[in-house]
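Engineer: Swiss-Prot feature annotations, pasted as is:
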type	residues	note
DISULFID	C60-C118	disulfide bond
DISULFID	C160-C203	disulfide bond
DISULFID	C245-C297	disulfide bond
DOMAIN	38-134	domain 'Ig-like C2-type 1'
DOMAIN	139-221	domain 'Ig-like C2-type 2'
DOMAIN	225-313	domain 'Ig-like C2-type 3'
CARBOHYD	N73	N-linked glycosylation site
CARBOHYD	N155	N-linked glycosylation site
CARBOHYD	N275	N-linked glycosylation site
CARBOHYD	N286	N-linked glycosylation site
CARBOHYD	N294	N-linked glycosylation site
CARBOHYD	N307	N-linked glycosylation site
LIPID	G324	GPI-anchor amidated glycine
MOD_RES	Y187	phosphotyrosine
SIGNAL	1-37	signal peptide
Amino acid sequence: MDMMLLVQGACCSNQWLAAVLLSLCCLLPSCLPAGQSVDFPWAAVDNMMVRKGDTAVLRCYLEDGASKGAWLNRSSIIFAGGDKWSVDPRVSISTLNKRDYSLQIQNVDVTDDGPYTCSVQTQHTPRTMQVHLTVQVPPKIYDISSDMTINEGTNVTLTCLATGKPEPSISWRHISPSAKPFENGQYLDIYGITRDQAGEYECSAENDVSFPDVRKVKVVVNFAPTIQEIKSGTMTPGRSGLIRCEGAGVPPPAFEWYKGEKKLFNGQQGIIIQNFSTRSILTVTNVTQEHFGNYTCVAANKLGTTNASLPLNPPSTAQYGITGSADVLFSCWYLVLTLSSFTSIFYLKNAILQ
């Protein structure tokens, strides 16, 4: 009813405008009886895709200088001739020439998505062109799992949610240390996570409208400490020597040293202890007989404790004993050979004299 009154007012002031509005009224759902629609066999339909934030130009041309046009979006009139009915400052009519009656929408948003109709009123019959504007939206990750710290063996689900038009595809990748790709999907399930599966996980949302949106999640996996190696260098009395203990664990383990049942402390009896995240080094600045014995390295964190032992013995004297025995043995054989030689000469001399 309001539209008809508007048309009647337009008739009083401008006959061509009334004609245009009447033709547009046929396109408005509010002007049609329930369950009926109007199909214009002469109407051209076009589809246009524009990225969000860009400028959309919906082309429409007048037949001659006498024809008039109007633009309609769904049930709202945007322009009628040169009169702007929309209050949106982004909307204008492009007039590159006398026949150009294109609708220009700056900084396109998702709310601009939908059908647009250009109606041109000629001297004979109205001509209608329809354009369906599709606003494409670059992918945007709006929700992703926070960085997490969990214990080894726990089930983990990583979440990555994104928006975009077309709807973006979601993919996951374990970028450190393995760079392993996973199947696509918003959720990444890891059952019984292991220490090897710790690191950074990358979520990528992509829909070919723009560059993929990429976010990362850091996963820390706690596990009980292990000692991978305990090893010593040569321990020579009067010189310095060291024992190295290599371990692993998350959180990093705390190291302790024992000699027999006695706990060792840094600076005690010429001992220096240096602890790092994955190793501990025990240095004896001046090795004496009292430093030899059984040493134990202990590594502990909140998930457990482990240890490894190494016997530290004085340098072996076997080398010197073997050398001495050889000298004595050689001397004995030399003596035997000498005595035998003299005996042989003595018997040979007697035989000649006889």
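The backbone N, Cα and C atoms fix where each Cβ goes, glycine too.
Note that this is a predicted model, so its numbers are computed, not measured.
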Engineer: For the domain 'Ig-like C2-type 1' (38-134), what's the model's average pLDDT?
Structural biologist: 85
Engineer: If you measure from the CA of C160 (disulfide bond) out to 10 Å, which recorded positions from the list C118, Y187, C245 are inside that radius?
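Structural biologist: Hits: Y187.
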Engineer: To the nearest Å, how far is the Cα of N294 (N-linked glycosylation site) from the Cα of C203 (disulfide bond)?
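Structural biologist: Distance between the two Cα atoms comes out at 51 Å.
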Engineer: DSSP on N275 (N-linked glycosylation site), three-state: which is it?
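Structural biologist: Note: N275 (N-linked glycosylation site) is in a strand by DSSP.
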Engineer: Give me the CA-CA distance between C297 (disulfide bond) and N275 (N-linked glycosylation site), in Å, as a whole number.
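Structural biologist: Answer for this pair: 11 Å between alpha carbons.
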Engineer: For N155 (N-linked glycosylation site), what is the secondary structure state per DSSP, taken as helix, strand or coil?
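Structural biologist: N155 (N-linked glycosylation site) sits in coil per DSSP, no helix or strand.
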Engineer: I'm trying to understand the geometry here, so how far is the Cα atom of N275 (N-linked glycosylation site) from the Cα atom of C245 (disulfide bond), in Å to the nearest whole number?
Structural biologist: 10
